[in-house]
Every structure is written in structure tokens, then in C-alpha cells.
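Sharing a structure here in C-alpha cells format.
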Amino acid sequence: MASKYAVKLQTDFDNPKWIKRHKFMFDYLDINGNGQITLDEIVSKASDDICKNLGATPAQTQRHQDCVEAFFRGCGLEYGKETKFPEFLEGWKNLANADLAKWARNEPTLIREWGDAVFDIFDKDGSGTITLDEWKAYGRISGISPSEEDCEKTFQHCDLDNSGELDVDEMTRQHLGFWYTLDPEADGLYGNGVP
């Protein structure tokens, strides 16, 4: 699955900004606030909260859940296994290295497969792209971009071809850069919502 968009492939795992970004995500995923996360918590949020509230079909929800499970297992998470932040961070490093190696070889990445699944849910009109309104619905429901301003900033950041709509390739490129490598082209991806 080749991409027309280049991404910075060098990681910067010791950068305090990268660590802070992942600490934000860890805290966001720690639903019960006990300082540990499990795959159970993540799947519950993804399937029971987000997919349900976006009106996903059972098939879409299952596909999305399969991708969420694969992605976070790539970070070392499992059902029933409590993971603290240092272990979570190490897992992200492993996931980032594995996905970036796949990206460099034009192979499907876990983040792209998850993107394909979530796009199928967002894309209500079946156009193959999502609109700003479709993105705003996700941002509001997921809580990752809770304000209209943050949603608009994310959308603008990801609209690499300036078409006024987003395709999964644009979103994947920006998320790889944001979560994996601190690519300056992806900085500010979630507006003020995520460091």
C-alpha cells in the first residue's frame, strides 16, 4: 500500500515532547484513573463508546475492534494485563519502529489498517473521503478533539492536497509523523488538544 506522502522516518523517542504526547494518550486511555491501562479499557472506549456513538454497524465495529486490538497489541497491551506508563512508552517505541519499517517498504501498517477501518465508519456518504463535519463528529464523540477549533486545526493539518476533504492516506501520513517521529509537518495535529 504505497503512499504518495513522505514522512520523517527518524524517531526521537527521548524528546520530552514525544514522551509528554504519549503520557497524554496514556492518561486519556486510563478510563478508571488507576495509573494503569489494559486492552480491555481501550477496546471498551473504541467499541462501546466511539463506534456505537458514531452509528457503526456491527461489522464495522468488529473490523474496528480487530484493528484496535492489533494496534495496541503492537504496543504490548493484552486483555486483563495492567500496563503502567513506562511499559506503555516502550511498547509505543516498538510499534513505531515496526510500523515505520513497514511504511518505508510500502507495506500496510497497523496505523493504516486502523485508519481504513475508522474511515469506513466516518465516511457516511461513501465518497472515500471525509468532510470537516464528519471529522467534527468523531472529535466530539471520541474526546480527542473536543473543541470545534481543534477539529478544524486537525482537518487543516491533514488536508495535504488542499481538497477540502481528507482521505485515509493523508490522515495516515500525519498520524505517523505525529505519534511516531515528531515530524514537524504533523506538529499541532490535534490543535491544542494533544501536546
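Backbone N, Cα and C define each Cβ position, glycine as well.
Quick paste from Swiss-Prot:
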BINDING   Asp30, Asn32, Asn34, Gln36, Glu41  Ca(2+) 1 binding site
BINDING   Asp123, Asp125, Ser127, Thr129, Glu134  Ca(2+) 2 binding site
BINDING   Asp159, Asp161, Ser163, Glu165, Glu170  Ca(2+) 3 binding site
DOMAIN    17-52  domain 'EF-hand 1'
DOMAIN    110-145  domain 'EF-hand 3'
DOMAIN    146-181  domain 'EF-hand 4'
Setting Asp123, Asp125, Ser127, Thr129, Glu134 aside, what same-chain residues sit with their Cβ within 8 Å of the center of the Cβ atoms that define the Ca(2+) 2 site, listed in sequence order?
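Neighbours found: Phe122, Lys124, Gly126, Gly128, Ile130, Thr131, Glu165.
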Far apart in sequence but close in space: which same-chain residues, 6 or more away, have a Cβ under 8 Å from Ser163 (Ca(2+) 3 binding site)?
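Listed in sequence order: Thr129.
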To which of the binding-site residues Ser127, Thr129 does the lowest count of other Cβ atoms within 10 Å belong?
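Per-residue Cβ counts within 10 Å for the binding-site residues Ser127, Thr129 bottom out at Ser127.
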State the residues, same chain only, that lie 6 or more residues beyond the ends of the domain 'EF-hand 1' (17-52) and have a CB under 8 A from a CB inside it; answer 'none' if no residue qualifies.
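For the domain 'EF-hand 1' (17-52), the list is 60-61, 64-65, 68-69, 72-73, 77-85, 88-89, 92, 121, 138, 141-144, 178-179, 182, 194-195.
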State which of the following binding-site residues has the fewest other Cβ atoms within 10 Å around its Cβ: Asp30, Glu134, Asp161.
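Output over binding-site residues Asp30, Glu134, Asp161: least Cβ neighbours within 10 Å is Asp161.
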Would you identify which of the binding-site residues Glu41, Asp125, Asp159, Glu165, Glu170 has the most other C-beta atoms lying within 10 angstroms of its C-beta?
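Checking each of Glu41, Asp125, Asp159, Glu165, Glu170, the winner is Glu170.
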Which one is it, among the binding-site residues Asn32, Asn34, Gln36, Glu41, that lies nearest to Ser127 (Ca(2+) 2 binding site) by Cα separation?
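Nearest listed residue in space: Glu41.
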What does DSSP give as the helix, strand and coil breakdown of the domain 'EF-hand 3' (110-145)?
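Each residue of the domain 'EF-hand 3' (110-145) counted once, the result is 24 helix, 1 strand, 11 coil.
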Near Gln36 (Ca(2+) 1 binding site), how many other Cβ atoms are within 10 Å of its Cβ?
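So the number of other Cβ atoms within 10 Å of Gln36 (Ca(2+) 1 binding site) is 16.
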Just give the helix, strand and coil counts over the domain 'EF-hand 4' (146-181), going by DSSP.
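For the domain 'EF-hand 4' (146-181), the helix, strand and coil counts are 25 helix, 1 strand, 10 coil.
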I'd like to know the mean pLDDT over the domain 'EF-hand 3' (110-145).
85
For Asn34 (Ca(2+) 1 binding site), what is the secondary structure state per DSSP, taken as helix, strand or coil?
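The residue in question, Asn34 (Ca(2+) 1 binding site), is coil (DSSP, three-state).
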What other residues of the same chain, not counting Asp159, Asp161, Ser163, Glu165, Glu170, have a CB atom within 8 A of the CB centroid of the Ca(2+) 3 site?
Thr129, Cys158, Leu160, Asn162, Gly164, Leu166, Asp167
